[in-house]
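Have a look at the structure below, then the notes.
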C-alpha cells in the first residue's frame, strides 16, 4: 500500500488557567467543530489547541534546558508570530524612550520601583543606543527585583490614585489607567502590572499580526489568535501568570531595544501566484504562515504543493479534501487540522456557501 502523506491530525488542548472557559473559548469551539462528539466542560479553561512537533534548537534554549530541565523542557529557541482572529491585545517589546521617560515622570509609583539613580541614567543615555540598552536593562531589572513590600505598597497606591481619578471623571491615560486597573483585577499584587510602563501595548485587528523575536518580552492580554512558533515549549516568565516565574533569567536574556508599536506589527503580503493566499513570512527560517481566504463564489480550490511539510487549520467553512497521498477523501469542517507532506497537493471541493478561511503553517525553503 502507498505511504499515506496527507492525513487529519488530532490535536492537544492546553487548559492553562488564563484560557476562556467552556464554549466562550474559540479553542473549545474549534475542537467541537472538528469533532462534534467532543465533550466540552463548561468550567474548564480552553487556552490553546496545539499542533506540531519539537526538533532541536539554539544555544540559549539548550543552556536553559540543560540547567533547569524541569522548567525549560526544550532546547530550542522560541520566536513566534500571533495573527489576530478577533481584536487582539498584547504587550510586545520595549516602548520608545520618550514614552518610558514620560511614564517615569508622570507615574511616581513606577519611578519609586525603578529608583531615581536608574531613571536619571536612562534619561542621560537617550540618543546613544548602546548606553540606552544598558540603562534600560538596569531600570527593568531594578523594578523586577525590588522588595515585595515596596512594590505591593506602590501598586496599592497607584491603584487607589487611578481609581479615585477615574471616579472624579479625570483622564488617567497618562498613567495607562484603564489597563492598569484591568490587569490588577486579574493579577492583584503582581509586579507584572508595572510592565505596562515599559512595554508597548498593541491592539491588532483580525488578519493583522505581530512578530516576536526569541528574546522579546511580551504578554497576550485578550482576544483570539493563530500563533506559530519555532518548535519549543520554553517560556521564561516574570509576571501576570500563575506558572513558574524566573525573574533573573528573564532580565538577563531580554532584547532591550526600544521601538514604536509600528515596528512590532507584521504585514502580510498577497501571494502573486494565488490571490487567495496571504503570506506572513517573518525574518527567521523556522516558519511561515499562509492565510487562505477562499471566496464564496469558488467551488474548487487546490492547496498547492510545497517543498516542506505543512499543517492546515480550518477556521471557517467546509470542504471535501482529496489527494493521491491520502488514504481516502477527508471531510474538512471548522476546527479540522490536516497534515500535508512535502511535495503533495490537496484538492478541495468547497461545500460551504460562504467560502473558507484557513491557516497553513510551513517552512519556505
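Cβ from N, Cα, C; glycine included.
TrEMBL entries are annotated by machine, without manual review.
As recorded in TrEMBL, the features of this protein are as follows:
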{"type": "DOMAIN", "residues": "6-58", "note": "domain 'Phosphomannose isomerase type I catalytic'"}
{"type": "BINDING", "residues": "54, 80, 218", "note": "Zn(2+) binding site"}
{"type": "DOMAIN", "residues": "59-96", "note": "domain 'Phosphomannose isomerase type I catalytic'"}
{"type": "DOMAIN", "residues": "113-199", "note": "domain 'Phosphomannose isomerase type I helical insertion'"}
{"type": "ACT_SITE", "residues": "237", "note": "active site"}
{"type": "DOMAIN", "residues": "279-319", "note": "domain 'Phosphomannose isomerase type I C-terminal'"}
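Candidate binding-site residues: 80, 218. Fewest other C-beta atoms within 10 angstroms, 218. According to DSSP, the domain 'Phosphomannose isomerase type I helical insertion' (113-199) comprises 68 helix, 1 strand, 18 coil.
Here the domain 'Phosphomannose isomerase type I C-terminal' (279-319) has long-range neighbours at 9, 30, 33-34, 51-52, 79, 81, 83, 85, 207, 209, 211, 226, 228-231, 266, 268-271, 273, 331-365, meaning same-chain residues at least 6 beyond its ends whose C-beta is under 8 angstroms from one of its own.
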